[in-house]
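Structure first, then comments.
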Amino acid sequence: LLLLGRAPPARGAACEPVRIPLCKPLPWNVTKMPNHLHHSTQANAVLAMEQFEGLLGTNCSPDLLFFLCAMYAPICTIDFQHEPIKPCKSVCERARAGCEPVLLRYGHAWPDSLACDELPVYDRGVCISPEAIVTAEGADFPMDSNNGNCGGASIERCKCKPVKATQKTYLRNNYNYVIRAKVKEVKTKCHDVTAVVEVKEILKSSLVNIPKDTVNLHTNSGCLCPPLSANEEYIIMGYEDEERSR
């Protein structure tokens, strides 16, 4: 989850579109410079990230690309323009655990500039992790919308498949929108599930207008996967229904 506290007034440079090729598939399309490695421009960050292309090619950790982009092209939101949001310590530790053995094999150590100990712990500060990415998709569920038959609806039938927030996931699904939102409630009526959320930040949108207000997120299933908890904040990715403007 992405836990947020009260932020001081914004200052410094504004958000800018992500132009780092490796990071474009990720679910945020705006960043802020200087980044967490003190690169003043994205062009400098691109040059610095080139050293990791070989490591990324080994697939040593599904968290490595997410972590690197969160450091080199950090997500930028209006509420946190004074300082970009850092990746969570746990994300760094998972990436290091998977990839440091590969580095050591070639006589290199995990870079001091990417030290995990310097990053915030999820439940004590503001940070982002793949677990904060919630896709607005549901599990397959038989629906009979014509006659309103709710027979067979049961919580046991909602078996959610875990979705790993990897580059392949983002590329494959090509989401229409990405928002940061606080869940107010989840409503279930027959086989329809609707999440009522308060939109905090619009990170990506397409044809359907998304107001920074309380909105209903509709699923195409009788299951909400993964489950959402009221009063928690998430980054939610999903698809737009242009015909119904939702």
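All positions are counted from 1 along the displayed chain.
Note: Cβ is positioned from N, Cα and C throughout, glycine not excepted.
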In TrEMBL, C23 is listed as disulfide-bonded to which of the following: C15, C60, C69? C69
Considering the candidates C15, C150, C158, C160, which is the cysteine that TrEMBL reports in a disulfide bond with C76? C15
From the list C88, C99, C116, TrEMBL names as the disulphide partner of C92 the residue C116
The one of C69, C76, C92, C116 whose CB sees the fewest other CB atoms within 10 Å, among these disulfide-bonded residues: C116
For the disulfide-bonded residues listed here, C15, C23, which shows the highest count of neighbouring CB atoms within 10 A? C23
Look up C116 (disulfide bond) in the DSSP assignment and report helix, strand or coil. helix
Work out, from DSSP, the number of helix, strand and coil residues along the domain 'FZ' (10-130). 55 helix, 9 strand, 57 coil
